[in-house]
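These come from Swiss-Prot:
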BINDING   Y81, Y103, Y130, F131, D200  carbohydrate binding site
COMPBIAS  230-240  compositional bias 'Acidic residues'
COMPBIAS  244-264  compositional bias 'Polar residues'
CARBOHYD  N267  N-linked glycosylation site
REGION    220-264  region 'Disordered'
SIGNAL    1-30  signal peptide
TOPO_DOM  31-268  topological domain 'Lumenal'
TRANSMEM  269-289  transmembrane segment
Amino acid sequence: MLKPRAAEGAAVALLRLLLLLLLLPPELRDRGLGVAGAAGAGLPESVIWAVNAGGEAHVDVHGIHFRKDPLEGRVGRASDYGMKLPILRSTPEDQILYQTERYNEETFGYEVPVKEEGDYVLVLKFAEVYFAQSQQKVFDVRLNGHVVVKDLDIFDRVGHSTAHDEIIPMSIRKGKLSVQGEVSTFTGKLYIEFVKGYYDNPKVCALYIMAGTVDDVPKLQPHPGLEKKEEEEEEEEYDEGSNLKRQTNKNRVQSGPRTPNPYASDNSSLMFPILVAFGVFIPTLFCLCRL
């Protein structure tokens with residue numbers, strides 16, 4: 001049994017250690033406690049299928065391994081016309097994912113086997129590297145017969161030689177595929193189709209499917225021009241009769257999830273050391289009282 005002074009010294013030392021732990025920056029505290037902190041951790045393992053359309057195999061900055069296009073020599077045509085251009089919104093290391101593409105004069109697509117049920121996200125990567133105005137290339141994207149992207153005009157969305165991601169969440173449960181409010185029978189495979197429209201040919205630069213939600217998907221770098229356009233669309237208007245404010249909301253597919261609130265994670269990480277402090281301090285105090 002510890003002597004009173006020794007027990008008191010041990011308790012003081014423990015409290016100092018816990019106080020120091022509370023004062024550490026969140027990233028260091030989480031690392032020391034073994035708490036998963038970095039966003040995107042485990043992302044490569046959650047990706048079940050990824051293809052660099054029209055290009056060679058590539059591992060991106062997040063560790064996702066994009067395989068060489070399996071449609072090479074079978075369907076459509078590969079193009080590396082975009083290799084002449086820098087791609088905005090993309091990191092230099094991953095511009096290759098937007099500089100090559102596969103297109104076809106008719107509807108074409110990819111077939112992806114999915115063995116397990118759960119929540120998934122389809123991420124489609126595009127960049128317009130040829131046309132310099134809108135209404136030149138417009139097409140739809142279908143997933144197992146569901147139109148998940150309607151009238152996609154890449155130039156109209158983000159401009160020329162600029163990366164654009166379409167992010168489509170879905171769930172597979174009890175033999176059913178649920179996507180964008182629609183449900184269909186699922187037979188073990190996802191069919192991703194790029195549908196020929198009235199304006200030029202459908203295409204895709206890269207694509208992948210991952211287990212998870214849209215919050216798990218890495219987002220592209222900010223696009224100042226696009227942000228300004230969205231702000232203008234959301235400006236407040238006034239009704240002439242009542243002067244009531246209303247907000248105009250365009251039903252647009254965003255090119256990535258919202259930035260997570262950093263303070264939300266900070267609060268959760270603070271709770272762990274506080275609980276540890278109480279859990280250790282109370283038994284120590286009890287031992288001191290018995291002395």
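Note: Cβ is positioned from N, Cα and C throughout, glycine not excepted.
The most densely surrounded of the binding-site residues Y81, Y130, F131 is Y130 (count of other Cβ atoms within 10 A of its Cβ). Non-local contacts of D200 (carbohydrate binding site) by the CB criterion (under 8 A, 6+ apart in sequence, same chain) comprise F131, Q136, K137, V138, F139.
Close to the recorded carbohydrate site, the chain also has S79, E128, V129, Q136, K137, N201, K203: residues not among Y81, Y103, Y130, F131, D200 whose Cβ is within 8 Å of the site's Cβ mean position. Max Cα-Cα distance over the annotated carbohydrate binders (Y81, Y103, Y130, F131, D200) is 16 Å. On the 0 to 100 pLDDT scale, the model's mean across the topological domain 'Lumenal' (31-268) is 85. Taking a C-beta cut-off of under 8 Å and a sequence gap of six or more, Y103 (carbohydrate binding site) has these contacts in its own chain: G54, G76, R77, S79, N201, P202, K203.
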